[in-house]
Amino acid sequence: MASTTPPGLAKDYQNLGSQYPLCKKCSMHKPPRTHHCRLNSCVGFYNHRYFFQFCCFMAIGCMYAGTMGFREYQIARLGEYRFSHLDIFFQPFIVLNAFGIINYITYSIFIAALIVSFLLITLVCWHGRMISRGITSVERLFNQDYTKQCTKQGFVFVNPYDLGLVENWKQFFNVRTLGEFIRHVLWPSTHLPSGNGIIWTNCNDRNLNKQTKSSSQIRTDSKQDIQLKEPMESMKDC
């Protein structure tokens with residue numbers, strides 16, 4: 001699914017209006033929260049979820065292969081469990097003499113899987129932290145500069161796309177219930193992300209919606225008070 005899902009190409013957005021930012025590389029208007037990719041094969045709006053899930057599942061698979069099958073492999077080859085994961089670094093020649101060149105390479109694959117799993121876990125934690133804050137890798141650099149500029153001027157910079165921890169993850173996976181999470185995240189799914197990559201929900205919109213709801217509630221409450229007062233006044237007249 002990830003291999004057949006394009007990240008989103010610049011030619012798909014070449015008819016954007018002048019209100020959108022201008023790309024310095026190709027001199028075309030680009031959607032917000034985007035940047036020009038020189039490789040033309042980066043993580044984009046439509047395959048961001050696939051990339052994150054790939055890193056998670058790959059880290060789990062490498063960790064499982066590097067730990068659970070390590071002992072059984074030695075027992076199958078040597079008849080006993082003799083070496084630990086670190087022996088390939090501290091006793092490489094002893095391990096080589098015990099296994100032979102072919103099995104030594106296979107032995108090294110277990111170590112490589114364990115190392116790759118730690119690297120992928122680090123990558124997952126880094127991206128998970130950015131997703132929790134509602135930012136991308138490029139926005140993280142920009143926001144640092146914005147924060148410094150606002151601090152110098154006595155203001156506090158607020159990321160407009162940070163909807164809160166739970167809402168950020170719901171928007172990222174485009175799920176709202178536990179059942180959708182199981183069907184669309186834990187199982188293979190081709191469902192599209194939330195939105196179109198051009199118009200993004202931000203905290204200003206949410207605050208505006210809250211204010212609109214609260215004002216409408218105030219209006220309904222005031223109408224109810226008026227309706228209650230009218231019968232009371234009529235009863236007093238009687």
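Glycine is treated like the rest: Cβ placed from N, Cα and C.
As a whole-number mean, the pLDDT of the domain 'Palmitoyltransferase DHHC' (39-141) in this prediction is 83. Taken from TrEMBL, the feature domain 'Palmitoyltransferase DHHC' covers 39-141.
TrEMBL lists 50-71 (among others) with the feature transmembrane segment.
According to TrEMBL, the feature transmembrane segment maps to 83-102 (among others).
If you look up TrEMBL, you'll see 108-126 (among others) marked as transmembrane segment.
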For the transmembrane segment (83-102), sequence-distant contacts whose Cβ falls under 8 Å of one of its Cβ atoms, 6 or more beyond its ends: 66, 70, 74, 77, 108, 110-111, 114
Residue distribution over DSSP helix, strand and coil in the domain 'Palmitoyltransferase DHHC' (39-141): 79 helix, 0 strand, 24 coil
